[in-house]
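The structure appears below as structure tokens.
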Amino acid sequence: MDGQDPALGCEREQKGQPAFTWEVQANNRAHHEQLRKKSAFCLSKKKYAGNAIKTAKYNALTFLPLNLYEQFHRMANIYFVFVILLQTFPEISTLPWYTLLFPLSCLLTIRALRDLMDDIGRHQSDRNINSRPCEILSGESFRWQKWRDVCVGDIVRLHKDSLVPADMLLLCSSEPSSLCYVETSDIDGETNLKFRQALLVTHQELTSEESLAAFDGKVTCEEPNSRMHSFTGVLQWRGETHALDGERILLRGCKLRNTDTCYGLVIYAGFDSKIMRNCGKIKRKKTKLDRMMDRLVVIIFLVLLATSLCLAIASGFWAKMFQEKHSYLAALYKHTTPAKQAFFSFWGFTILLSVIIPMSMYITFEFIYLVNSFFINWDLEMYYAVKDIPAKARSTSLNDQLGQVEYIFSDKTGTLTQNIMSFKKCCVNGTIYGKFWWWQVGRDCSWVEGLVLTRSCHGEKMLDSNNVGLREAVQQNNDPVLREFLRLLALCHTVMVEERGDQLVYQAASPDEEALVLAARSLGYVFLSRTQDTITISEMGVKRTYQVLAMLDFNSDRKRMSVLVRDPQGTIRLYTKGADTVILERLRGRGPNQDFTERALDHFAEETLRTLCLASKELSEAEYDEWSRRHRMANILLQGRACELDRLYEEMEQDLELLGVTAIEDKLQEGVPETIQLLKLGNIKVWVLTGDKQETAMNVGYACKLLTDDMEILEEKEVSEILEAYWARNNNISGTDCVSQQHPEPFCHKKRALVISGDFVTGEVLQKKGRLWQQLACHGTTDPQEQGSLVEKAFVDLATSCQAVICCRVTPKQKALIVQLVKKHKKATTLAIGDGANDVNMIKTADIGVGISGLEGVQAVQCSDYALAQFCYLQRLLLVHGRWGYLRICKFLRYFFYKTFAGLMTQIWFAFHSGFTAQPLYEGWFLALYNVFYTAYPVLSVGLLEQQDVSAKKSLWFPELYTIGQQDKLFNYRIFSVTLLHGVSTSLTSFYIALWAFEDHVGSRTVGDYESFSVTVATSALLSVLVEIILDTKFWTALSFLMVTASLLLFCLFSFLTQSIDAFRIAPAVFRFPDATQNALTDPYILLVVLLSLVVNTIPSLTIRSYNAITGNTSIQQKICWKARRELEPSVELRTHVPRGSFHRRSSYAFSHQEGYAGLITRGESLRTKGTHSTTKGTHSITKGTKDTHSSTKGTNNTTKGTHSTTTHSTNKGTHSSTKDTHSITKGTKDTHSSTKGTHSSTKGTNNTTKDTHSSTKGTHSSTKGTNNTTKGTHSSTKDTHSTTKGTHSTTTHSSTKDTHSTTKGTHIINSTHSTKGTHTVTATPSTTDTCSTTAFHPQGTTPTWPSPHS
């Protein structure tokens, strides 16, 4: 994530634009408001954007025109408007105007309301974000205002846990050295803290609101861009220029953590901010069926025009022949000619046949989409009860496309994983602690206990399961290797600690380190505090301060970190942890337990736990002095410093002794491996696009079964070589068929997985940087556009032939580019799923966007089409709802087209018998209501409820059923052609059977007239369509019966209403068929004709179904369905419990994206120092009312260098401490009584230790002065023991001291006292350097107690 987006950088270099053109002047709004930049049509607008964002598409003025403009991008709508315009000409109009205008108005209104509701949600979100409060410097004071009021150049004050409103330059903060800790989970999904640091000059000078108000610095930097982790600029102030980089910038959307207050200068606001530049634009998404429907509309319209033209030409010839044959009617044709009649007939037929593209189909479409979306929202199987989050279909027009997904692009952190690390198991000194189902090597397994330390979703640290075995081993304290193992966990890290009340809160550069420190704390080795050069821990209740001599920090090349410390006894030890590949080769020799430890490593790796080897060694003073001298020299080198330091680190980290191995689990979201397995079986390929490191991403890939051990892992070097070999073998550098549509043979011969970085994609594939571009140039392909297409196509072919693809260190824009590449070259349906703002661009680019309603904010959900609470719900969304939605829509389309052709194609056959005059066969009301009421409801029930080819549980049991949607088998051009032929045959049968029956039967009472003929054909076609739908409905419900019945009842009702005598009398031009249906259908002869037509139309369908059933001529999908139906219903919904597993692969944890905090710690910049007048609880206690105690100290000056004092578990009342830079002065203290427990004071350098001293002192007054072991004026009354000590390090245990006044100078005391009562100790150590002091108190008669996990 630290890399820059090369695409934009190259583009800027090629265009030759100046690098620094963005100027920001602090506290100068007027200057920024007057600057303008060119816009479209020679207009200009403000150069600096406001901070208000607007993601909504419409407002009150633009909604109607813009929405209509978008809706008329659909070909069908343009077609309908064209036909309606034709109907306005009376000369050519053959249908009433309302047959199309009313349905079109309904359709446009429904879609407009849906878009309006979606946009209202975006408006509410924008309003909530723009109304967030923040403090802006106005004049000489800060005032609370809204985010929308922030402008470029403003100075903003932020408080702890507040969000950053704009991209800002950090000026200063309340932390030491103006550090600022931020959480970027809403940007990159990572919850570990990152630090930013202000410039030294602003840190020192901007210390008050007055100085901030007077600040007039000028920032010159690059124009707004989408490079999230790159910034280049300078600050000019007071005649000096200071360089700026990304470490000085707070990005919009970050959250301030562990920092009380900070101040920033706004550089980019609103849509100029980097996160908004990465969000992309809202795009109208269309499904594959939508695009196919647009093409079908064009095809049908062209066929309709061709048919109308043919019928018009026939009309002209018929008119000419009729006039020649019937010359006595010439007077009727004197104002027209055959050509003119053909012209009018052409437009008349065009209008008449326009109903073949039914408007009602699109209205029904919208309703089916809406109801299917409700089915998703109501699905309790996708309801996450823990957080009360249901699934939500935010888009109602993509349900069918959920059944056609071929590629899933997933974020990692927060989507596949929880970003929670669990300390699961460890192996120490040949003993494994942790529960192993696989462990059968003949060892006694009675000690094997489950050890899981994790972090709950509420931030509380806890033990997941019983770890008594390891606890007992620690408490027994008889294994020195285990002690060193836990001591290493507590010492070797860069974790920061903060006291919050009575709890210690750890903040780490990565969750891995935090998990290890928490594990050590739960086992009695508690990391308490650190200074620039010391670290204090509690070992089983005993505080010990270690002097930190050097920190050898982690980086991605070293894959390890070390700390060099001096313990309280003066021994120098090196503690190292790192990947097994780098630690095992640096051991002194093969120890007795190394083979066992390596086998444990293999087993840990088999469970895809992230392993870490721990080792240490002891150094002599001479070895350390020599190494330290060279280390100091290397630190001051001007050239080659990093290389020399690496060489020294390498030299130090040799001849190590292995202590053990830790195993950490990167906790996956629930059900992730099972979901990915099911998706794979459904022929869906999953690509992981993450900003994390490659090793971390690969480890998660193995854990979630995306990667398996039988896969060949292709990395960037291998990818380049394979592509070059492919080009050389196929020699397709020039030519149109450069890449075969099929996967090339070298791409497919084995299971492969691709692991690349985002920079490789943009550099090698999209930009002219890679070796493949050079290869193309050598073969003479010079057209840059052609080169780009060839390289992209080759890369996509290779990537899609792999079983899995993992892209690491990708920026949000690179995620979108990768999705776009697959869409462009594979024409496949893509789905993107993520949970953070860094996934928004990818979600918008994919055909379907799914947002995870997790802890990382709401940006991904707001921009998504579907919102889920867990990744595992994706299996049900696609394999159940997606497949069912596709089945329903396809069946709906087939039968809607069938019923339309079956009922309305008779207009064409009637033209051959009506002189090609474009006279309608049917009554106008029948044409208007046929697709809306008479046949819509049975087809609607199919679109809503036709799902049960197999149940939901069996859909998950047989994910192979999903492939039918990917292959477009249920609705394609072939299916449409068959449907067209079926409809044509039904219309032919209905028309010509009725025509045959009506010939030569004019003598009957009702048979023989035009209205009766029309009703007979209409009834035959309608019943044939209903019976066909009934035969193919597989899932019958009460609603299905109701729909069929309602269709027949509505046909009778509307026929009665529109053909009544009263309606004819009122409007004879509108109601032209009085009593036609009643007269016709009461005649037995016509009823027999209708029955005959129904039987003839139904027999072919029954015959084909019977033939397929008898011969077994079925598709693979049907065979799978039949097999699924024969299987027993699963008792619970299938979720195969796939164990985490990867064989023969080990993975150390990736400490962080970058180096840890070691640099900050060793420089002391991250450590809080107490101020001049700070009040600290538990450091120095003075209590009034002490009996028989007197202390008088004057002029005592205590100056201690490098001293660190920490007090825990102390209960003190009336406490006062005055400390300034470790220089304390105490005067005139009287009548004091102090009761202190657990006081820990640390000074450096004294190595003299006195042990096993038992002293009992009662009523003693001791005064010791001087430094040369000379005692003056001392009045001492000592019982049993008298001790005068100068400059010694003494340890006193089991001592009881009462009513004692002691003034000691130059003495270093370690007391481990079980009971202290009425004691006042004043220690003054003038100019003492390198002294170490440890004090621990326990209640009398007790052993050290187990520390609380919250200690």
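Backbone N, Cα and C define each Cβ position, glycine as well.
Annotations in TrEMBL come from automatic prediction, not curation.
For Asp411, Thr413, Asp835, Asp839, the entry in TrEMBL reads Mg(2+) binding site.
The Cβ of Gly691 (ATP binding site) has 30 other Cβ atoms within 10 Å, all protein chains considered. Feature annotation from TrEMBL assigns ATP binding site to Asp411, Lys412, Thr413, Glu513, Phe554, Lys577, Arg610, Thr690, Gly691, Asp692, Arg809, Lys815, Asn838, Asp839.
Look at TrEMBL and you will find 861-1109 tagged as domain 'P-type ATPase C-terminal'.
The feature region 'Disordered' is assigned by TrEMBL to 1163-1351.
Annotation source TrEMBL lists compositional bias 'Low complexity' at 1172-1184 (among others).
Among the features that TrEMBL reports, compositional bias 'Low complexity' is placed at 1192-1217 (among others).
Marked as compositional bias 'Basic and acidic residues' by TrEMBL: 1218-1234.
According to TrEMBL, the compositional bias 'Low complexity' annotation covers 1235-1276 (among others).
Residues or ranges marked as compositional bias 'Low complexity' in TrEMBL: 1284-1295 (among others).
Residues or ranges marked as compositional bias 'Polar residues' by TrEMBL: 1309-1318 (among others).
Per TrEMBL, compositional bias 'Low complexity' is recorded for 1319-1335 (among others).
The compositional bias 'Polar residues' feature in TrEMBL is assigned to 1336-1345 (among others).
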List the binding-site residues among Phe554, Arg610, Arg809, Asn838 whose C-alpha is within 10 Å of the C-alpha of Thr413 (Mg(2+) binding site), in sequence order, or say none. none
Counting across all protein chains, other CB atoms within 10 angstroms of the CB of Asp411 (Mg(2+) binding site) number 30
For Arg610 (ATP binding site) and Asp411 (Mg(2+) binding site), determine the Cα separation and express it in whole Å. 20
Taking the Cβ of Asp835 (Mg(2+) binding site) as the centre, how many other Cβ atoms fall within a 10 Å radius? 30
Arg809 (ATP binding site), Cβ-centred 10 Å count of other Cβ atoms over all protein chains shown, is 21
Let me know the model's mean pLDDT on the domain 'P-type ATPase C-terminal' (861-1109). 87
In all the protein chains shown, the tally of other Cβ atoms within 10 Å of the Cβ of Arg610 (ATP binding site) is 26
Within 10 Å of Asp411 (Mg(2+) binding site) (Cα basis), scanning binding-site residues Phe554, Gly691, Arg809, Asn838, I find Gly691, Asn838
Which whole-number value in Å describes the distance between the Cα atoms of Asp839 (Mg(2+) binding site) and Gly691 (ATP binding site)? 10
Hey, how far is Asp835 (Mg(2+) binding site) from Phe554 (ATP binding site), Cα to Cα, in Å? 29
Taking every protein chain shown into account, which of the binding-site residues Thr413, Asn838 has the largest tally of Cβ atoms within 10 Å of its Cβ? Asn838
Which is it, of Phe554, Asp839: the one of these binding-site residues whose Cβ has the most other Cβ atoms within 10 Å? Asp839
